[in-house]
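Annotated features, as they stand in TrEMBL:
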COMPBIAS  14-23  compositional bias 'Basic and acidic residues'
COMPBIAS  708-727  compositional bias 'Gly residues'
COMPBIAS  777-786  compositional bias 'Low complexity'
COMPBIAS  801-812  compositional bias 'Basic and acidic residues'
COMPBIAS  964-977  compositional bias 'Pro residues'
DOMAIN    515-735  domain 'Glycine-rich'
REGION    1-27  region 'Disordered'
REGION    468-488  region 'Disordered'
REGION    685-727  region 'Disordered'
REGION    767-818  region 'Disordered'
REGION    946-985  region 'Disordered'
Amino acid sequence: MVLERYPSSTGDARVTRARRESGGTHGGGAGFSRVALFFIVLCLAPRATRGQWQSPGESCSSDSDCYNHKMCAGGVCCFADRWSNGMQNCTQCDAAESAFCTECDEGYEIYYGRCRQICDSATQYRDGTYDCRAKGNAGSRCWGNNDECLSNSCKGNYCCSDTAVAQGCGICTSGNGACSTLKNAGESCSSDSDCYNHKMCAGGVCCFADRWSNGMQNCTQCDAAESAFCTECDEGYEIYYGRCRQICDSATQYRDGTYDCRAKGNAGSRCWGNNDECLSNSCKGNYCCSDTAVAQGCGICTSGNGACSTLKNAGESCSSDSDCYNHKMCAGGVCCFADRWSNGMQNCTQCDAAESAFCTECDEGYEIYYGRCRQICDSATQYRDGTYDCRAKGNAGSRCWGNNDECLSGLCGQNNYCCDCDAATADESGECCSFCTQGSGTCVARSPTATCPSGQCLNDTYVGGSPVSSGQSPAGNNNSSAGKNNSSGCSSTKLLAAGGDSITYYGDYTIHTFTSNGTFQVTHAGLTSVELLVVGGGGGGFEYYGGGGGGGQVVNRTGRAVAIQAYNVIIGRGGNGGDFSTGTDGGSSSFEDVSAAGGRLNRQPLSYGGYSGSGNPGGTSSYGCCGGGGGGAGAVGGVPSGGAAITGGNGGDGLPSDINGTTTFYGGGGGGKSEGYYGGDGGRGGGGKGYSSWHVEGITPAQSGLPSTGGGGGGSPTGSPAGSGGSGVVIVRYKQLPVCVNQEQQCGTDYYHDGSDCVKCPAGTTRQPGAANKCTPSGSGNVDNGNNGGSGNSPAPAPAESKKRQAEERAKKMNAGITDPMQKKKADLLAAAAIGGNKVKKLKFAQPVQAASPDDACAQAYDKAGVRSSLGACVATQTSSSGRRLVASQYDVELLFSSAEVDDAALTEAVNSLKANGLESTTSSVDPIEELKIIPGVDVTELASFETDAKAAAEEAEAQSPPEAAPPPPPSPPPPLVLDDDDHAPGRAGALLVTAFATLACVLFV
């Protein structure tokens, strides 16, 4: 509590009161005195002592005491507000940082930090996550969940009667729940009216789809099986994933969408970037070229006759914008790569006469920034607003938006107001200010988790530095407590560079994270190399065909050499969701020469997902209703699946990285749309979910990729916005260096003293004890350091990567030969679990799953287990087939989960969900190494080495786990009471007078 900031005054008051109560006959007056004194202290104390702006886990008396409208329960601010799901019946929250709910009203139970109603399984079912609802009588409406019915049988969206259940009916009727005469898919029929849910009757069998669905109009026979796919088509059509598509004449037609053909265009006709649309097989400038233009190698063809255009491409000469194709800008006599209204082009005066056609010269006050012009900001008074413009920094108390650079003091409070200098400076306990006052910028509340800017704050402006963790001294301050208490005589220099939207620390690493364009400025000569994670922006989802956007490329780079200078960092924007004209690819991210391409919007006139920036294709789609998932940085996009109720393709997974201390996925593909069921899930790594449209749950719009992950956007149909891609990110990490107070104090064994600082020894050498300024090469005596001209032996190899990274590299080599995507994902999961020391559980289905493909089988498995398909790994192995093309087969299915993703409680829920869907399964523990041995394609020559590396990495991770916090020391005994005979409390009348003065103080001073 904030009251603890005044221990001396309150402690002295307690002793004084003890003295004054020793008179014996004045106990009542002493009581009044205590009350009066309490009111005086409370009234005169600063406002911050009354518990305003309390964070989750801190004490409160009502919701109004808690920051951001959080709920107050049991005297503690909770992590969520009172109107959040599962919080209305919470009576006590935990006095810890998590601030989860720990006690509930009667009839409720704790469920993952919230309260959920306890259902009576005989008469109620779980409605959503936290509530119960009464089960329905026979004939009442239900939505495919047997638990909704008293008979525990929901067929045809109506609850069955007990008689209908005994008869094994497949469809029950409204009103009484009796057996319906309508037929399910795969059963016999004479017309469409015989089939349930308006399905099509073809060849005497009810099909899985209706007559108006894409690819069904030319179907003449459906399969008499549960899948009920189409098996025969009209002449001129062929079976294509359970439907019929037209057979195109490749000489005169091209594939338009999934099922239809269209005539190729003559020279000069309109085309949309696809050469197949033209008889000449050449579409340039959105017009089909003539054969002559093709022979001439024209870059742009004209409307009407397809001849070569006089317009110039980017990089060619021009005299005005009208000379340039597609309205591009003419600057310095050259057509630029962008138009005049694009960001960063308004102040461009010269473009490069090359294919890139980037800007090379700018107006005064602007500088070249990756082929465009950006304003040069005054770092003392301005901050970078977006990519190309500058804006004035705000005074103390002005509005800010979470960016410290927006404030002259260098600190933007968590409540989005600029702080003043006092607030931007750590107090005596090392705590920084977390909330500042509107108008003045004074501190309202401090927190041990808040950050302060480094450097010196003058007139509400800070000089130098970037944010440092609360309680840490600025880098290089050798008078800090860290420097004094370090037994080696060297403290740690955490900040060796400036720049980034946030700076965090993990172990002995400093991590700069860029979520917007900026500059990484090396400020210390001891920083010679960095590790990089560069992620391109995600591609936009496609509106109309509905394919998910591709995830951005994920590039890891170790040992990137740096020196004292500035390095430009570009963050690729997320692509816009849209169609051919409005949708865009994700932008590339880069750290100087290390770049990662953005994910792509699918530009084919099909429902495919977009390619990832790393080249993984999106999932193909055979259904007009549904789009394929976008390719992820680590896996291809998924295809739609599910039979009669088709789910959009899932986005491909991205790639994991632990560069920031936590394993995080980046570059996941966006999910494909589904017009009639669930949209595809976004891939791990920030991919957005595809558009869903199901009569049970209604419409769910497509989701955008998560910011700073490079996730692709979800796909959508016409009229509903597709999801945009998530922006990229650049993360820079480096090892911290020691700094010595003086030359007499010694540095670590890998550093020597150059007279002022500890400097890293040359590669292959170490400093021996007692030699402050010498490094010793392996196998020789002491030599001078590099500054004194010593040569020594030839450098030894650079220090090895961390044990974890070494094991991960070994795993990549070991699994590189696996060609089956499912087995590859399984092997990667097992390897990651071995490296992290995590347990692996296998959930194996007791019965085969009938599906159109292995992906479909896995999609059904995840759906019926109630588990997100991006978790774990699924392997579906075909056991039998009907022998006919593209008709459902039987698959043995197993799901594997790492304890890092799915705990035992969630696994138990999955098993129960399968049982509710009529499926039995077995769960067993798996030894990752033993399981890897039986996966086809695993390099057994690498496996033994990997086992050693993984064991070392797991032991290292366990050793680095923080120990449990020690219990707090027992409270100090109260001070002895000093009894004075002549020092008595006032009488009752005097006490009333004191109380009156206390009340007056409250009125006058509060």
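Note: Cβ is positioned from N, Cα and C throughout, glycine not excepted.
Packing against the compositional bias 'Gly residues' (708-727) from elsewhere in the chain are residues 515, 535-554, 571-578, 583, 586, 589, 596, 598-599, 607, 609-610, 612-613, 627, 630, 632-633, 648, 651, 654, 665-673, 675, 679-680, 682-683, 685-691, 693, 699, 701-702: each is 6 or more residues past its ends and has a CB under 8 Å from a CB in it.
Taking H, G and I as helix, E and B as strand and the rest as coil, DSSP gives the compositional bias 'Basic and acidic residues' (801-812) the counts 10 helix, 0 strand, 2 coil. In this model, the domain 'Glycine-rich' (515-735) carries an average pLDDT of 88. Taking DSSP states H, G and I as helix and E and B as strand, the compositional bias 'Gly residues' (708-727) has 0 helix, 1 strand, 19 coil.
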